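Peer 1: Structure in C-alpha cells, see below.
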Amino acid sequence: MAEAEESPGDPGTASPRPLMRDLKAVGKKFMHVLYPRKSNTLLRDWDLWGPLILCVTLALMLQRDPADSEKDGGPHFAEVFVIVWFGAVTITLNSKLLGGNISFFQSLCVLGYCILPLTVAMLICRLVLLAGPGPVNFMVRLFVVIVMFAWSIVASTAFLADSQPPNRRALAVYPVFLFYFVISWMILTFTPQ
C-alpha cells in the first residue's frame, strides 16, 4: 500500500522552508545595506523581521546591569526599543506628510535595516571597551561610530531619497540624520560600568 504524500501546506507538517526563505530574504536585505546602491528591492519586498532583529540586538548590547542603570541613568532595553521605533515612525510620518510616494511599512523597513552599521559599531565598541578606558580607546570608538553613522545615512538616503519630491529631499533627510545621530550618541556614550 502506497503512503499518501503530505503537501507542504498541510498543518500536520513542520517545514523549515518558510523560515529559510525568510532568513535568506533578510540576509539579502542586509547585503543591500552593506553595499548601498539605488535599488527598489528593499522597498518592494519589505518586511520587519530584520529591523526587529537589529533593534533587539542593539537594545540588548546597550543594556546595562540594573544596579548600574540606577546610578548613571543608562538606557534600559525598553527605552532603546522605544527610541528606535518611535524615531522610525516619526520619520515615516514626516516622509508621508512631505508628499513621499513610499508606504508606511516600506519606510520602517528601510530605516530599520539601515541600523545594521550602527549595530556593528556597537559590537566593535563593546569589544574595544574590553581593553579598558582611555583616550585612545575613546578615539577608536569615535572613529568607528562616525564611519558607521555615515554609512547608515548613505544607505538610508540611497533608498529613501527617490521617494521624495526633489524640492523636499533635504527636509526628508534631516530627520533621518537626527535619528541616526541619537542612536550613534547612545552607542558612543555607552560604558559598561
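A Cβ is built for glycine as well, from the same backbone N, Cα and C atoms used for every other residue.
Keep in mind that this is a model prediction, so the values were computed, not measured.
Sharing the feature lines straight out of TrEMBL:
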{"type": "DOMAIN", "residues": "33-186", "note": "domain 'Yip1'"}
{"type": "TRANSMEM", "residues": "46-64", "note": "transmembrane segment"}
{"type": "TRANSMEM", "residues": "76-98", "note": "transmembrane segment"}
{"type": "TRANSMEM", "residues": "110-132", "note": "transmembrane segment"}
{"type": "TRANSMEM", "residues": "138-160", "note": "transmembrane segment"}
{"type": "TRANSMEM", "residues": "172-191", "note": "transmembrane segment"}
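Distances, neighbours, how buried they are, the whole picture for these features please.
Peer 2: Mean pLDDT across the domain 'Yip1' (33-186) comes to 85 in this model.
Only residues 6 or more beyond the boundaries of the transmembrane segment (110-132), in the same chain, are considered here, and those with a CB under 8 A from a CB of the stretch are 29-30, 32-34, 42-43, 46, 48, 50-52, 54-55, 57-58, 61-62, 84, 87-88, 91-92, 140-141, 144-145, 147-149, 151-152, 155-156, 159-160, 176, 179-180, 183-184, 187-188, 190-192.
Same-chain residues lying 6+ beyond the ends of the transmembrane segment (138-160) with a Cβ under 8 Å from its Cβ atoms: 32-33, 36-39, 42-43, 95, 100, 102, 107, 110-111, 113-118, 120-121, 124-125, 128-129, 172-173, 176-177, 180-181, 184, 187-188.
Proximity of distant same-chain residues to the transmembrane segment (172-191), defined by a Cβ-Cβ separation under 8 Å and at least 6 residues beyond the stretch ends, is recorded for 58, 62, 72, 74-75, 80, 83-84, 87-88, 90-91, 94-95, 98, 100, 111, 114-115, 118, 121-122, 125-126, 129, 133, 141-142, 145-146, 148-149, 152-153, 156-157, 160-161, 164.
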